[in-house]
Amino acid sequence: MNESAPMQNNSNIAAAAASQTMESNEHKHSGAAGKVGLLGLTAVVISAMVGGGVFELPQNMAMHASAGGQILAWIITGLGMWFIADTFRVLAAVRPEYSDGLYSYAYHGFGRFVGFLVSYGYWATNTVSLVAYGILITSTLDFFFPGVFTGGTTIPAILVQSLVLWATFFMGRLGIRSGARINVAGTIAKLIPLALFVVTMIVLFRMPQFVHGFWGWTPSGQPAPFDLSSVYAQSRQTMLVTLWVFNGVEGAVVVSANARSQRDVSRATTIGFISILVLYMLVSLLPLGVYAQPALAKLPSPSVAAILGQIYGAWGEWIVNAGVIVSVLFAMLVWLLMLSQMPLNAARDGLMPSFLAQTDSNGTPRISMLYTVLICQFLCIACHYIEGSAWNLMISIVSVLSIPCYLCCAMYLWRISRRDHIWPINARFTRKHGLVIGVLGTFYMLYAAIVAGLDYVMAACIVYAIGTPLFVFARHRANTQDAQGKLFTRAERIMLVLIVIAGIAGVIYVIMTRRV
């Protein structure tokens, strides 16, 4: 029994073969040296996850949860996101030929339209991430130029964001290999202020302070007794924050076509995930042993800088704010490189407009990257008109949009694990391991969608519905019809109708409730 691989016409197969030949010729003299190794892949994973969100964790987490609630939240999110990280490790091992990552798993597992939705969804998700990063950079610059970049949505802020976006675009034109080398240095640079913060918090940490108000606080300001429903509610409220900071766990898989080996992809994912989980827990929990939760919840942005500013004075705050800017700049480069691969791969298979498949002499998807930056530019300008916190809105949208992408990968692993005759005989992971991780990853993503709430789920439906005309346009232009001459299979037509209905319902919901 075969996987439901999408059908391709002869011209698409020829194009794919030509592309593979070009890539082979390009690297035949460089061999393994022309690929990204373990260090570079690990740097991609860490740099993609350690963006600006980590510098906001003390305040973002304390705003919603006490020490007990935060610990429960990290346990739930840590386990859940490990299922997703392990999903990518297993898939990289048992399907090494699917080197296009998330898109390949959806495309070969569930057909053309699902493949398109994951490719488009991942592109949309991380395009919004780039905008969020731009907002954080300019909000941080307000420390150095008070009142000029307040909130990251002023006219000067938009001008700086535009400059950063286009500078990132031209750096990204250097290609994946150059970007990976830059990220090794960038990852080290961004971890220096975080190391200073963690060491400082360990030195000042006091256990009596940490356990005071461990389960939360009453309305009168007194420590609350343990109440399971209250603690669980606190952990649920942090869901979008914790999902946001783990966005990027798939980094090594997304660029796995450029990896020296799929084993390196698996190892980089493990190293990156465990390292970042420990870092996030330390950054969010240690301050609770120095300050009370209500005090942390009121800190200005970025809260890590505010804490070190109180301890060391202006120079401590200056170091962290500089670290935020460096961290986010490198994260933007990583994300631009990663997300530009998605429309490129989909375009090569006729699921997105063919012009997105164009690459330059470095193998960089320049057209895909250009359109990404143009969309980001439009969104940056649109943020000027957003009421409230543009940063919180952007990270919430990113978290929800990423759920279907991760969900499809977990479901694909679940699916192939049930059919042991297509499981590689000498695979590093057993079929049973794949089945357990696939099932647990699927249920965790469904849980995350429920916890995210109707507001943001509806907003995600609107985004996905808006993108469906791209698929129809690409299919018509590529003439990629099935054996019966139809652009959609029956299942795809049903899915399309449901997405459009959900998108329309989302628009009505937003208009009526004025939310999101």
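Heads up, the Cβ atoms here are built off N, Cα and C, so glycines get one too.
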Which is it, of 36-55, 296-315, that TrEMBL names as transmembrane segment? 36-55
For the transmembrane segment (318-338), out of 67-85, 155-176, 434-450, 494-512, most C-beta pairs under 8 A are with 155-176
Candidates 188-207, 271-292, 434-450, 456-474, 494-512; stretch with most C-beta pairs under 8 Å toward the transmembrane segment (67-85): 271-292
